[in-house]
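Student: Attaching a single structure in structure tokens format; questions to follow.
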Amino acid sequence: MDFAGTCTLSSRSTRRQRRRRRPHWAWREKPSRWVSRLRRGCKARCLKVIQIPACCQGFWGDNCDECPGGASNQCNGNGVCMKDGTCSCDSGFRGTACEICEGKTNGSRCSIECGCVHGKCIFLSGMKRTVCLCHSGFRGRKCDQPVAGCRDLNCESPGVCRETSGGAACICPLGYKHNKVDGTCAAENPCLGQYPMCGHGNTECQQTGPGLYQCVCAQNYTGDGIVCIPIDPCQTNRGGCPQDKDCRFTGPNMHKCVCPLGYTASDADGNCTLKDVCKPLSCHPKATCETIGPHRISCQCLDGYTGNGTMCYGSIIERLIDLNTKSRPLRNNLEYSIRYLSKYYLEELTQHGPFTIFVPTDRAFRSVRKSSGGFSKFLENKDRALQIMRQHILIGKFQLEDLQVYDKFYTLQGNPALLQVKVSRDIFKYKLDGTRGKGKVKIRNLEASNGMIHIVNSLLTMSPEIEGDPQGTALDLMKQTTRHYSTTVSLIKIIGLEEKFSAPNTTVFGVVDDAWKSLPKGAIHYLSTDPVSKALSTTNIQENLRSGSAKLTTESSDYSRISETGSAKLTTESSDYSRISESVSAKLTTESSDYSRISESGSAKLTTESSDYSRISETGSAKLTTESSDYSRISESGSAKLTTESSDYSRISESGSAKLTTESSDYSRISETGSAKLTTESSDYLRISESGSAKLTTESSDYSRISETGSA
């Protein structure tokens, strides 16, 4: 399972509900949007654990030592443990762990007064309490009761009068021992008594006078003698360890320098190196693993794969094979599509791109298998098989949400296509414009290194208007489809180019009849009969002929998009966002460096090399040559031959035919109502508007935009 959690379903659900609500999706794929609409099932949750070093409550310092009094009873509840490990005691308390009562008080909260009347309050560290040491002749907890008979006794110092079973008597005080020989009192060391006066292990007893003592901490410990804590050298200047090592406490006033967590000692000198924590399953099988920090790894997909390292995607073909073997809903359900694409588009879908492809499931091939006598028979008709699959391929990498914003988009075959969306049910259907067939998108947005995959449940088999003939020539093909190319075929015969258009291994950009019909009446006759125009036609038609067989291969660096509504074979090498839109057959060669956009409503051969914003609009025949330097404008109302060399706003008006030669260099604009011969060489913002036919040659290099309604 590639998600956290356990799948549970209500026992009251019917079997049909269980089957419908079971959330399946592609292997290691993010679930599609429809999964999020389920009421029961599993939800994937990704948790990333980040370690932040910090001491827990009741501990302090870099080494996280326990606070005085213990972590669960810091400072005995009578103070606050500070960041340096000391206790800030509440009022009335003192000591390392706030365990000593100040003044003449007793009790765990130092709330009981000592109250000695005839005596002295003494704190016994071994007993951790204050007691009354009565003066001679008094007794009781508060030394407030006189001993009968002591008035009659005069005890020699240091003897004191105490009550005994036989009455009042002189005895040796606390801390002294009676000498039976001479009857005197000799001082004794309380630390040598039968019972220890101080704690065990980490404290020592020191005599401070006759019968008096104090408790002090043993060597390598620190404290007030009652509470003694082992000295931790790591809490001071990290124990003197180098910066690349940690200080580890090993005992009272002992430590050693060790490699930090995630590092290991690599040599005899003990230098620390990063410990390799990469494991076989740390990253995707198609990714490399590198340890970049303590218990931190970096996963990088191999060349030819895309993803974040934990998920790596291969080419479209690789991805389909992977889905066909590992995806639960698609397992063994993409066999035909894989065979289909591997046979005819293996190189394109593994080494080129980006492409977006709508891949049919195996059930989608039932009709073509039945009509063709089997899947292998269907693939034998190469031309038809290629054209059908091209109807399912787009140039560029698009998620369905990206395609939603377009009313139409164009397939590799040139057909306009669209998406039908039911937002409320989150349903997408892929459809070719003008057809009834549609394919429901079952699984969407499956990423590949060179594109995007969407799984559909139908194969769209719209028959192409023109079928290929591998055995015939380009001219033979155009002759067979005379309703498209009759004018082009006729011109080829008239000007004598049949041999060239019948040569093997050639690519032809055919001009359809609708493009020729858009020319003014008599233009075709003029192009095929006039000697000068006939030579011009020969040159132009030959430009639609290229040696070698060309196929569409995209090498653009970012989102090359080709949109076409007619028959065309295009080779694009632009560096950024080249977009080609055409409504008929055309040969387009673009060399502009940025955003070349060509829009045409007729048949045209356009070669653009201009440096900036050359725009040509024509409705008739004209040949223009402009060299004016600034805003030369020529308008003529009669017959005249004009040569303009003015530098600013030359304007010539004439209402008849004219031959115009302009030399202005900027903003040449020519408007004429008759026939004219114009040749343009201006470098910037050349705009030509004419009502006749024209031959236009532009050399702009950027933002060439050509709009024409006639032949050009």
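Each Cβ is built from the backbone N, Cα and C atoms, and glycine gets one as well.
Dumping what TrEMBL says about this protein:
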- 13-24: compositional bias 'Basic residues' (COMPBIAS)
- CYS89-CYS98: disulfide bond (DISULFID)
- CYS134-CYS143: disulfide bond (DISULFID)
- CYS198-CYS215: disulfide bond (DISULFID)
- 63-99: domain 'EGF-like' (DOMAIN)
- 106-144: domain 'EGF-like' (DOMAIN)
- 187-229: domain 'EGF-like' (DOMAIN)
- 230-269: domain 'EGF-like' (DOMAIN)
- 274-313: domain 'EGF-like' (DOMAIN)
- 314-460: domain 'FAS1' (DOMAIN)
- 1-24: region 'Disordered' (REGION)
- 547-576: region 'Disordered' (REGION)
- 693-712: region 'Disordered' (REGION)
Student: Ranking 63-99, 274-313, 314-460 by the number of C-beta pairs under 8 Å to the domain 'EGF-like' (187-229), which range is first?
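Tutor: Most contacts with the domain 'EGF-like' (187-229): 63-99.
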Student: Which of the three DSSP-derived classes (helix, strand, coil) applies to CYS198 (disulfide bond)?
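Tutor: Assignment for CYS198 (disulfide bond) reads coil.
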Student: Which sequence-distant residues neighbour the domain 'EGF-like' (63-99)? Criterion: at least 6 residues beyond either end, Cβ under 8 Å.
Tutor: 55-57, 105, 109-110, 128, 222-224, 226-229, 232, 234-235, 247-249
Student: Do you know which of the disulfide-bonded residues CYS143, CYS215 has the most other C-beta atoms within 10 angstroms of its C-beta?
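Tutor: The residue with the densest Cβ neighbourhood is CYS215.
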Student: Applying a 10 Å Cβ distance cut-off over all chains shown, what neighbour count does CYS89 (disulfide bond) have?
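Tutor: So the Cβ neighbour count for CYS89 (disulfide bond) comes to 20.
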Student: If you average the pLDDT over the domain 'EGF-like' (230-269), what number do you get?
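Tutor: That region's mean pLDDT is 89.
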Student: Between CYS143 (disulfide bond) and CYS198 (disulfide bond), how far is it from one CA atom to the other, in Å?
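Tutor: Here the two Cα atoms are 26 Å apart.
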Student: Same-chain residues six or more away whose CB lies under 8 A from the CB of CYS98 (disulfide bond)?
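Tutor: Within the chain, CYS98 (disulfide bond) has Cβ neighbours under 8 Å at PRO68, GLY69, CYS75, ASN76, ASN78, GLY79, CYS87, CYS89, ASP90.
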Student: Give the residue counts of the domain 'FAS1' (314-460) per reduced DSSP state, in the order helix, strand, coil.
Tutor: 55 helix, 41 strand, 51 coil
